[in-house]
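K.L.:
One structure follows; several queries about it will come next.
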Amino acid sequence: MDSFKPYLAKVATGAALTREEARTAFDHLLSGEVTHAQAGAFLMALRVRGEAQDEIVGAAGALRERMVRVVAPAGAIDIVGTGGDHSGSYNVSTLASILTAACGVPVAKHGNRAASSRSGAADVLAALGVRLGLDPEGLARCLEEAGLCFMFAQAHHASMRHVAPVRVELGTRTLFNLLGPLCNPAGVAGQLLGVYAGSLAEPLTRVLADLGSRRVWTVHGSDGLDEITTTGPTAVVALEDGAIRHFTIDPREVGLALASPEDLRGADPEHNAAALRAVLDGARTPYRDIAVLNAGAALVVAGACAGLGEGVARAAQAIETGAARAVLARLVAVSNA
């Protein structure tokens, strides 16, 4: 496609695109107007140089314009990771989302099937009995009646089909791996976002600020997890009231024991679903600890708790009272109605 060639030529020199140029270039990519050779060369040029903030904002804008949107209550948040940490861990953000919803904060969770693990959010939720691929009206009902919905990425970003073959052929991370967490179909203004590389934390936080987010914690565990980990400290880049600050979370400071990486390693969706149900039924496991830690952080991001310790305590209470188990039961029932 001739109109795409100027953008390809510019990135080939190592120069960065402006926000507007990136938006237009990704409009072409997502419209299916670009050959596989052009798309692959373009994406790899960005990858090798490193994507600039304005390029990520422009790309996200192009994808957001095309996504199927969902109406969510005010104050809804997302708990999501970029994936790609190759940890094979349990479905931490999924369980944390259930706990957060049980504490009264609506969670519009956006996710997909496994990319680098054996069980992604979609995989474990399906194993738990949640129906995937609901239309926007069905998702809105889930939010209203269960306080939680799962927006299956492939049902909301049909334009991604144009670049799917290229991504498979490249077989490596590209900018598209980052766009999912930046393009929540419910337009949430608050996020707990995990990243597979610490170097991404501040740039993606600034991108979300540019895209209109109001409160964000972007986290990267010292063990490489795209979650707040319990094996050691976690670095946090927080967007709060228009300002960005950096701090570290140590699970021991909120009364949680350190875990080993093996403690957090999951398996297939059925195994992870059974482990999740066990936590909701009261099992005190390392999976429980990391889930209440992440849910506690989400409650702070949502403004429902003043501090992490309070958030962790509320998340734990949601398990003990059965409120979290009830959220999952309602989500299964409403999604299958």
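Note: Cβ is positioned from N, Cα and C throughout, glycine not excepted.
The following feature annotations were taken from Swiss-Prot:
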BINDING   G81, N112  anthranilate 1 binding site
BINDING   G81, 84-85, S89, 91-94, 109-117, A121  5-phospho-alpha-D-ribose 1-diphosphate binding site
BINDING   S93, E227  Mg(2+) 1 binding site
BINDING   R167  anthranilate 2 binding site
BINDING   D226, E227  Mg(2+) 2 binding site
K.L.:
So among S89, S93, R167, D226, E227, all listed as binding-site residues, which is physically nearest to N112 (anthranilate 1 binding site)? Use the C-alpha atoms.
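P.N.:
Among S89, S93, R167, D226, E227, S93.
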K.L.:
Can you check which residues sit near G81 (anthranilate 1 binding site), meaning Cβ under 8 Å from its Cβ, same chain, 6 or more apart in sequence, and list them in order?
P.N.:
S93, P181, L193, G194, V195, Y196, D226, E227
K.L.:
Let me know how many other Cβ atoms fall within 10 Å of the Cβ of the residue listed as 'anthranilate 2 binding site'.
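P.N.:
Result for the residue listed as 'anthranilate 2 binding site': 17 neighbouring Cβ atoms inside 10 Å.
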K.L.:
Within 10 Å of the Cβ of R113 (5-phospho-alpha-D-ribose 1-diphosphate binding site), how many other Cβ atoms are there?
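P.N.:
If we count other Cβ atoms within 10 Å of R113 (5-phospho-alpha-D-ribose 1-diphosphate binding site), we arrive at 17.
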K.L.:
For R113 (5-phospho-alpha-D-ribose 1-diphosphate binding site) and R167 (anthranilate 2 binding site), determine the Cα separation and express it in whole Å.
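P.N.:
That comes out at 16 Å between the alpha carbons.
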K.L.:
Taking 10 A as the limit, how many CB atoms besides its own sit near the CB of S89 (5-phospho-alpha-D-ribose 1-diphosphate binding site)?
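P.N.:
Neighbour count, Cβ to Cβ under the 10 Å cut-off: 25.
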K.L.:
Including all protein chains shown, what's the count of other C-beta atoms within 10 A of the C-beta of S93 (5-phospho-alpha-D-ribose 1-diphosphate binding site)?
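P.N.:
The answer is 26.
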K.L.:
Could you give the Cα-Cα distance between H110 (5-phospho-alpha-D-ribose 1-diphosphate binding site) and R167 (anthranilate 2 binding site), in whole Å?
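P.N.:
For H110 (5-phospho-alpha-D-ribose 1-diphosphate binding site) versus R167 (anthranilate 2 binding site), the Cα atoms are 20 Å apart.
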K.L.:
Tell me the coarse DSSP state (helix, strand, coil) of G81 (anthranilate 1 binding site).
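P.N.:
G81 (anthranilate 1 binding site) sits in a strand per DSSP.
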K.L.:
Please report how many Å separate the Cα atom of R167 (anthranilate 2 binding site) from that of S89 (5-phospho-alpha-D-ribose 1-diphosphate binding site), as a whole number.
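P.N.:
With the alpha carbons as reference points, the distance is 24 Å.
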